[in-house]
Ligand SMILES: Cc1cc2nc3c(=O)[nH]c(=O)nc-3n(C[C@H](O)[C@H](O)[C@H](O)COP(=O)(O)O)c2cc1C
């Protein structure tokens with residue numbers, strides 16, 4: 001069975017919700033989905049003061065386990081136009097995997113969120129793709145066959161680079177139905193491509 005890791009970082013829960021939708025899509029394609037998060041690096045006192053969602057049930061992943069999956073779908077919110085450092089730090093610990101070529105030929109994909117519509121979703125996803133390519137991974141986005149991303153009738157995340165959601169400046173906006181559809185689509189698409197590559 002094709003195994004897909006949905007690896008996420010979420011301070012306020014939006015990416016956590018998107019990660020679970022991505023995992024649903026993986027399962028819809030008949031693959032196994034494992035949802036894990038990367039460790040929090042913000043000191044507990046600051047995380048509490050900042051109202052981080054600290055009760056997330058997903059287990060914390062180990063960098064070495066990336067080698068156990070056929071695909072890794074990475075989700076993290078935008079921080080000043082680039083990926084959250086918690087996710088960066090996790091991948092900075094994968095030099096050993098890189099040296100052994102353990103991720104070569106596996107599928108990689110990215111999804112994200114930001115507070116504002118033009119706050120850096122595309123730069124966040126595109127900024128992370130080189131990491132996947134350095135590992136020799138086959139990068140999969142969110143093709144336009146997910147027609148939901150072309151909608152003009154409402155505020156929408158989602159681009160050919162990957163699924164995304166927009167949280168609003170105060171974080172009160174939750175992923176919309178179309179954005180969750182995009183997340184499920186990306187999960188299904190990654191699992192389908194990974195199954196074909198696995199043979
Ligand atoms: C330090 C910091 C920097 C941020 N930078 C941006 C930014 O550049 N653009 C933007 O639209 N949102 C920015 N945000 C908002 C986050 O992207 C948003 O809170 C996050 O995507 C929500 O996802 P989560 O609920 O999974 O944590 C920033 C948030 C923090 C805490």
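Cβ atoms are placed via backbone N, Cα and C, with glycine included.
Marked as FMN binding site by TrEMBL: 10, 11, 12, 13, 14, 15, 78, 79, 80, 134. Annotated NAD(+) binding site per TrEMBL: 12, in sequence order. As annotated by TrEMBL, substrate binding site applies to 98. Taken from TrEMBL, the feature domain 'Flavodoxin-like' applies to 4-190.
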- [ ] Taking the Cβ of residue 98 (substrate binding site) as the reference point, list residues of the same chain whose Cβ is under 8 angstroms away and which are at least six residues distant in sequence.
- [x] 134, 135
Open item on the list: Counting other Cβ atoms within 10 Å of each residue's Cβ, which of the binding-site residues 10, 12, 78 comes out lowest?
Closed with: 12
TODO: List nothing but the largest Cα to Cα distance in Å, as a whole number, among the residues 10, 11, 12, 13, 14, 15, 78, 79, 80, 134 that the record says bind FMN.
DONE: 30
- [ ] Give the three-state DSSP assignment (helix, strand or coil) for residue 14 (FMN binding site).
- [x] helix
TODO: Translate the DSSP assignment of the residue listed as 'substrate binding site' into the three-state scheme.
DONE: helix
- [ ] Would you mind pulling the DSSP three-state label for residue 80 (FMN binding site)?
- [x] coil
Task: Candidate with sparsest Cβ neighbourhood (10 Å radius) among 14, 80, the listed binding-site residues - done: 80
